[in-house]
Structure formats: C-alpha cells, structure tokens
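Enquirer: Next up is a structure, given as structure tokens.
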Amino acid sequence: MLPDFTPIEKLTTQDAQQETARLQKQLVQYGTAYYEDDAPLVEDYIYDALYARLVALEEKFPQYVIPDSPTQNVGSADTKSELQKVVHPAPMLSLGDVFSLDELNDWDARTTKSLGNQAPYNLELKIDGLAVALTYVDGQLVQASTRGNGIVGEDVTANVKTIKAIPKKLTEPLTIEVRGEIYMPKASFAALNKQREADGLEPFANPRNAAAGSLRQLNVKITKSRNLAAFVYYTAEPEMLGVTTQSGALERFAELGLPTDTHNRVINKMADIADYIDEYTSERESLSYGIDGVVVKVNQLDLQFDLGNTVKIPRWAIAYKFPPEEALTIVCDIEWTVGRTGAVTPTAVMDPVLLAGTTVQRASLHNPDYLREKDIQIGDTVTLHKAGDIIPEIGQVILEKRPTDSETYQVPTICPACESNLVHIEGEVALRCINPFCSAQIQEGLTHFASRNAMNIDGMGPRVVGQLLKAGYIKDVASIYRITVEQLLTLDKFQEKSAVKLIDAINSSKENSLERLLFGLGIRMVGAKAARLIAEKFRTLSAVSEASVEDIANINGIGHTIAQSIVQYFSTPESKQLLVELASSGVNQSYLSDTVIDENSFFYGKKVVLTGKLEQSSRPAATKWLQDHGANVAGSVSVKTDLVIAGEAAGSKLDKASQLGVTVWTEQQFVDEQVKEDGK
C-alpha cells in the first residue's frame, strides 16, 4: 500500500533530504530484485509511484541527487549471475512513464515546444517482457544480450537461438544491432504453470517473470521448452535500414524476417492518441500476449536525434502505463489463514469477478490494522484491481452500497488451524500462533524447507507436501529423509520414475552446506544472508545451537533481535531432538568451505564494494575470496563502506567513494594483499 506523501512544497529541507535518501535506497533494492533476480518485491504501480515521487524530490532538491540514484541509472545494478557480460555498443535506455492523459499532454507540449511545431507520432503497444539486443553480422545472428544496467548486460545468445520467432539469419546480409522485447505468450504461460503445479512446483507469478527466468537459464533446453516469443522495435543504426521514420523501421524489420508487432499507428494529433489508448485498454485481454501500456514515439528519426536523450531516458519517446483494471464485487466472507511463522492473515472471499483476464475470488487483507483502515465488512461492495496486473487487491469500500445487515469482521482469538490461543507480539501488526505443532505452520514450514533457496528439493512443492502430511508420511523436516519410493507410489500422480526422482532429490539435499539447512529450518528473522553469516562464523549446527545471544549478535550484520530468535529456537527440546534426527539421517550439519576464516585478516569485518572490470580475477571469485576472509561484500557505497576496490572503467561507485572519503584500492593493491594473506 502506498504511503500518504506530504506535499513537496511543505517539506523542510531536512525532511526532503531524509525522504530522498530513503527512496533512493529503497528503489535500488526494488530495482535489483526486479531486473537481476526476476523476483519483484513490490507491484509495478507501487514502484512507479515511488519512482515518480523521487523524481519530483530530486527536481526540487537537486543537491540531494547522487550518482547511484535510480534516476541516474538504467535498469539493475551490476549483474551477478554466471552468464557472461556484454558491453552494449550504445546504452540500452529505459522509457519515461506517464500515468494519465494530462501527463501525456504535458509531455507533448514540451516536445512540441522543443521542436518548434507538432510532429507526427508513432504509437506502439508496450509489450510486457524482457528487453533484448540482437546483433547480426552479414545477416547471421552472432550475439544476444539482456539490458542489464543499460551499459553492460548478459550474454544469452545460446538461449535466444532456441526461440523460433527470432531468425538466426536475416533475409539480407546486413550487419546491424536491433532491440526488442522477449515475452511469453499467454497460452504458453498458462500451460507452463499448469505443468508446474502438476509437478508440485510453485507457479510463476506472471508472464514477465516467467519469460525473464526462462531467458536467463544456464540450461538452454529449459529455455527452448518455454515457448518464448519476441518483437523487434528499435535500432540505433537506422542508416543501415535506409529509413527516415520509426514506422518505416518497423516495416524494414519485417522485410528482414524479424518479428514485429503490427498494431502500430502513425498519428498527427493528440486526440488520436487518446483514441488509441482507449481502443487497446478495452482490447488488451483479447491479445495473445501481455501489454501494460502504449509507447508514443516521435516518428521522424532526424527529430529524435534533435531531441536526444537524458542519461536515463530518450526525450523523443514516452510510455503511457495503463491504470490497474478495476471491477466491483461483494465481500462474502473473511477467512483467516496461518503462515510458516505463525502469522495469521485475513483473506477476503468475494463473488467471482473477471479481472485482467482471470477469475478472481480472493484477495489478501494483510493484517487486522489494514482491515480497520479499509473499514471492510462482510457484505460490502468493494473495488478490486490487480496490483501490477498480478495480485488481486481491494481498493476501497463503496459505503453507499453497504447493506444494513453487513457484518463487522471478527478478529480471531484462537488459531483457525490448531485452535491454540493467538498472541499479539509488541511491535508487530500481525496476530501470531505460537504453537510449534500447528498443522498449518508445519505444512508451510516443510514447503519452505524444500524450497529452492533452502534445501532445494526439486519436485517437493506445496501440493506434494500436503499429500505427504495427509498420508501421515511426514510430520517434521527430519521425517522428509525417511520417505520411501513405496510411500510415494500411494500418492496421487506419482509413478515409479517421478517417485525415484524425488527420493534422489531428497538424498542430494543431504549434502547441502550448513547455511542452506539453517535457512531451511525457518527460524524467525533468519534469511538466507543471515544464515550464511552465521554458518561462516560457527561452522557447525551444534556450535550454532550452543551459542549465546552475545556470541551471535557480535557477528557483523546480525543484530540482537535475530540473535535472540536463534537462541530461543534452539532452546526447545523439540529443536534439539530435530538436530539429532537430521544427523542420524545423514544430513550435513557443517559449513562446506575449504577456508577457515582468519579473524586476524585485514578484511575481517570490513564492508567492501567491488566496482569496474577486474582483469586478474572474475567478480564472483573475488567476492568469494573476500567473504572467505571475513568481509561483507556489498553492492553499493555508503558512509558505512570501509573499502572500494576499483577495476577498469569504474563508474559512479568510485565517484561516490571519493565524495564520501572512502578508501579506494586499485585491483593491483587488492591482488598484493591477497598474496600477503594467502602466504600467511
């Protein structure tokens, strides 16, 4: 839910500085999750609103603009996967956004003023996918790369060559780089999620995430199986095409055999833009692919050149984003469900309504405070939209439609799953069930234990966990390692092959390093990063279980609250018995690293940032070496940074380090220190 922003003109200088810094940090985090991890933390409309607020703040208070601000960079921060890096010949810019016709009219007025007269526009549908650059040499596809941070992307050539829509050879022997969008058609997305659910895997949240995750696979067979498609819409080298307009470029792309969207339209006045937007707002669900807006581009390429670009966006184009589609429905009931950590969450059960192409009947109400703020009662008529076209969310209650017999919700006092008394922990908004034997928590906890970022037991998703619990084959994480093929064959949809495959995955998970096991145990407030820091420090699960609050809290990056949660978890007889059973099943309980961290290392406890291209080592290798020597390797520079190691072509991070007075080393200084440390 969006915060209520104080009008900018009413902010004090100090308030503006604090809010700007907070939004800069928050949006970097959200951008990294969206662009790098393909796992958005917030819906698009929330990100867009926060970003627009930051732009407005930085325009009013330019003294608070920093090089690392999301407004100064395109896309994600430095990429971090195993895919090879590619430097783009020209920056891959993103588009500026507007969210209303008034804002679009303002953009048109500025553009017309800059050009001196009204120019024709080419209108295109905004495809909801992943930006890609395709390089052809003598008509042959030789390279494909993602946007990345706009300057450096990832090489996905092998993956892109599996996409049937993208030709490996053009109809003419041109040497040219073109850009476009890779997407997953709606039918492919529905089929993929149906198969994933049948396999007991988590379904993808939306086609965009599915496309991004599919394209960045290290196994090209997976990419090929996902039935991706693409549209091409841009080149920075129009002279190679012999065209003078954007609409002409699209026609030439098609002649070359490249896939293009044929819904573009050239218009001469703003009223036609509104008609085009209205047309595709109503027709978007009938398209075979997802769109989230309309792109308006100055059609004449020479005028595009005259208008130019900012550091982040072109001045000659703008994206109009569709508002979330809304529908009216009635709240029939409010149900309360229990999560992995015992948080009890209300969910609205509503009359089914068709929204953004799917039938929606449920929406999360988050917590009792949210319910009170929205004043939602059973029987109310409410507006419903999909936040980011993904997550159903109630907008507001239509009070004039409230029936006289509407029912005020009843906040439960006992757990809906196990009937234990619920508690309200000070400082938290959620109600919580603290019964360790709660059936709902057990199912959620087992699913978490098997998840990809924990023990990574492929094929053991929520459906399979539910079946195993119902059959009485498992009761806690230790019992997972006692499942047999014979037991699995009694469950729905299991055959010999799938049963053996799951048992193999369970056995493979026994060899995981300690940090995965720690994270998988589901200890409150212990995420993947905290689990790694703790595993590195204590090396064995036994040592962690015997550590004091002070011992754990002394780890750089682990606070007192997390330490208390860990000690409390391991203090129970049930947890102690669990460790014994895991050990007897052969589950590794040690940190698997060849290096014992030397607390006397120069890097121990220091926050280090790597930037630029390293010539003598890869970024992942340097990161691992630093972590093995006790450093906390961060992705951005702040006042808490102890050291920046700068390779070739270091950019904004180096500039910020200089501004803040942070110590900066060359790569050679780092290598010299490595030699010294390794020779101890």
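Backbone N, Cα and C atoms are what each Cβ position is placed from, and that goes for glycine too.
The feature active site, N6-AMP-lysine intermediate is assigned by Swiss-Prot to LYS126, with sequence analysis given as support. Here Swiss-Prot flags ASP44, TYR45, ILE46, TYR47, ASP48, SER94, LEU95, GLU124, ARG147, GLU181, LYS297, LYS321 as NAD(+) binding site, drawing on sequence analysis. The Zn(2+) binding site annotation in Swiss-Prot covers CYS415, CYS418, CYS433, CYS438. Summarising the annotation, Swiss-Prot assigns domain 'BRCT' to 598-680.
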Enquirer: Taking the centroid of the Cβ atoms of CYS415, CYS418, CYS433, CYS438 as the Zn(2+) site, which other residues of that chain lie with their Cβ within 8 Å of it, listed in sequence order?
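Expert: These residues sit around the Zn(2+) site: VAL338, GLY342, PRO416, ALA417, GLU419, SER420, LEU422, ASN435, SER439, ALA440, GLN441.
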Enquirer: Per DSSP, to which secondary structure element type does LYS126 (active site, N6-AMP-lysine intermediate) belong, with helix, strand and coil as the options?
Expert: strand
Enquirer: Using CYS415 (Zn(2+) binding site) as the reference point, find which of the recorded positions ASP48, LEU95, LYS126, LYS297 has the shortest Cα-to-Cα distance to it.
Expert: ASP48
Enquirer: Could you check what DSSP calls CYS438 (Zn(2+) binding site) once collapsed to helix, strand or coil?
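Expert: Coil, per DSSP.
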Enquirer: State the Cα to Cα distance, in Å, between CYS438 (Zn(2+) binding site) and ARG147 (NAD(+) binding site), rounded to an integer.
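Expert: Cα of CYS438 (Zn(2+) binding site) to Cα of ARG147 (NAD(+) binding site) measures 46 Å after rounding.
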Enquirer: Would you count the other CB atoms within 10 A of the CB of ARG147 (NAD(+) binding site), including those on all shown protein chains?
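Expert: I get 24 for this one.
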Enquirer: When DSSP states are grouped into helix, strand and coil, how many residues of the domain 'BRCT' (598-680) land in each?
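Expert: Final tally across the stretch: 31 helix, 18 strand, 34 coil.
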Enquirer: Would you mind pulling the DSSP three-state label for CYS433 (Zn(2+) binding site)?
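Expert: SS state of CYS433 (Zn(2+) binding site) = strand.
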Enquirer: Reported as an integer number of Å, what is the Cα distance between CYS433 (Zn(2+) binding site) and ILE46 (NAD(+) binding site)?
Expert: 30
Enquirer: Just to be sure I understand the packing, how many Cβ atoms besides its own are within 10 Å of the Cβ of LYS297 (NAD(+) binding site)?
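Expert: Other Cβ atoms within 10 Å of LYS297 (NAD(+) binding site): 25.
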Enquirer: Output, ordered by sequence, the same-chain residues six or more apart from ASP48 (NAD(+) binding site) with a CB under 8 Å from its CB, or 'none'.
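Expert: Set apart from ASP48 (NAD(+) binding site) by at least 6 residues yet with Cβ under 8 Å, we have ASP97, PHE99, LYS321.
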